[in-house]
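Taken straight from TrEMBL:
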- 7-28: compositional bias 'Basic and acidic residues' (COMPBIAS)
- 54-184: domain 'Heparan-alpha-glucosaminide N-acetyltransferase catalytic' (DOMAIN)
- 1-49: region 'Disordered' (REGION)
- 55-72: transmembrane segment (TRANSMEM)
- 92-113: transmembrane segment (TRANSMEM)
- 125-144: transmembrane segment (TRANSMEM)
- 164-182: transmembrane segment (TRANSMEM)
- 203-224: transmembrane segment (TRANSMEM)
- 309-330: transmembrane segment (TRANSMEM)
- 342-359: transmembrane segment (TRANSMEM)
- 371-392: transmembrane segment (TRANSMEM)
- 413-432: transmembrane segment (TRANSMEM)
- 460-478: transmembrane segment (TRANSMEM)
């Protein structure tokens, strides 16, 4: 990871993010212009010597996803209905991670349009994967306690190995390696017909099919035995047993997703605050947080990993669908052809998901990363991406989305410092007498909550007009200076 600066940020034809994807006004090619990521993957020359262009729609979509992430993370505490669904269902927060994976797929297609050196490309993919794994463990493994706890460090006996960046790293590695090793098998020209793009990139879909089969067979065929966990408290510890002894269960207690993670990582290394604690079976305040019911099942207290191994294998499908959208972007030069492919696929995936969910065949479930959840969120990502494409590239309404675009161009910076609370944690370290008496709390309490006389409204407005606006302005300034923080 590092800061990259372009030599001349004022040249509109060269700086990242200035040019949208090629439209029908530029019929000289059916390929989008080379992106900054592609330059890094396909050449040995220093990056700042490259004349690179970025896809404006993709940057805006990435920025929008970061903004939604900040919103649900920092306002979800008072608006828990926008926070992750306790189990089945889909809320605003549940779209964030699959949207990121969709973006990863689109970006890979653009970055690996040409692979002149397979060995070097594979090396770059592995190095980037390791960087994401490293930062994922630092940020979500338990080492960082920002922004509210000023301490740091983690007991390796309880470190959390999984997380958002770790899942993105796995999906990125698998999808990028498939794209790299099949580069010589791709056609240079796509034959006419709706399904020609699918057959042309059948190896990518084969990879997705393998991930699908591994997930489905394991989920419904693996036997889940009884299991136990221990809760450690100041006055001692208490051990609980969850009775299972079944196959194909999709509830919280006895699903194969949780069983695989308990066996692979160990129960001490799973997420200790799963959102299922807001279920009606666990609290009378559902879907809000509240004290446990006196008759709450034992599993309500148990850990569960929402970014675990088996569910990450299912998440590969989100990346495969994203790379398909990228292939369409590259090989279809007209707006109508692209949108026909994108919207029909997006709507079709959402219909499949809704049917599976409401027939109780396979409910939409983020914690399990169920196939219906993959279809619903990937379809939604395709529809939103298409809408942004229409607004930004077809109707040329780029100005209203510049804040999203700026954040999207420095997404890693905003994710680490903003969404993960590192900057807020640093500011909170400068307090007066009490650790709660800091600048962040003062602005939120006195400028927003007290003025509106409502914690919910004040918090929401604080997140929108302070946090999101702040990162939009910072990202815009960095963009003008040609500074981009990337893995």
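Heads up, the Cβ atoms here are built off N, Cα and C, so glycines get one too.
TrEMBL labels come from automatic prediction, so no person has curated them.
Within the chain carrying the transmembrane segment (125-144), a Cβ under 8 angstroms from the stretch's Cβ atoms is held by residues 1, 152-155, 158-166, 168-170, 172-173, 176-177, 180, 416, 420, 422, 425, 487, all 6 or more beyond its ends. Nonlocal intrachain contacts for the transmembrane segment (55-72), taken as residues 6+ away from its ends with a CB within less than 8 angstroms of a stretch CB, comprise 17-21, 32, 35, 82-84, 92-93, 95-96, 99-100, 103, 106-107, 110, 329, 384-385, 388-389, 392-393, 398, 401, 403-409, 411, 414-415, 418-419, 463-464, 467-468, 471, 475. Contact between the transmembrane segment (309-330) and the transmembrane segment (460-478) does not hold: fewer than three of their C-beta pairs are under 8 Å, each pair 6 or more apart in sequence. Within the chain, the transmembrane segment (413-432) has long-range Cβ neighbours (under 8 A, six or more residues past its boundaries) at 66, 69-70, 73, 135, 139-140, 144-148, 150, 407, 438-441, 467, 471, 474-475, 478, 484-485. The helix, strand and coil residue counts that DSSP assigns across the domain 'Heparan-alpha-glucosaminide N-acetyltransferase catalytic' (54-184) are 83 helix, 3 strand, 45 coil.
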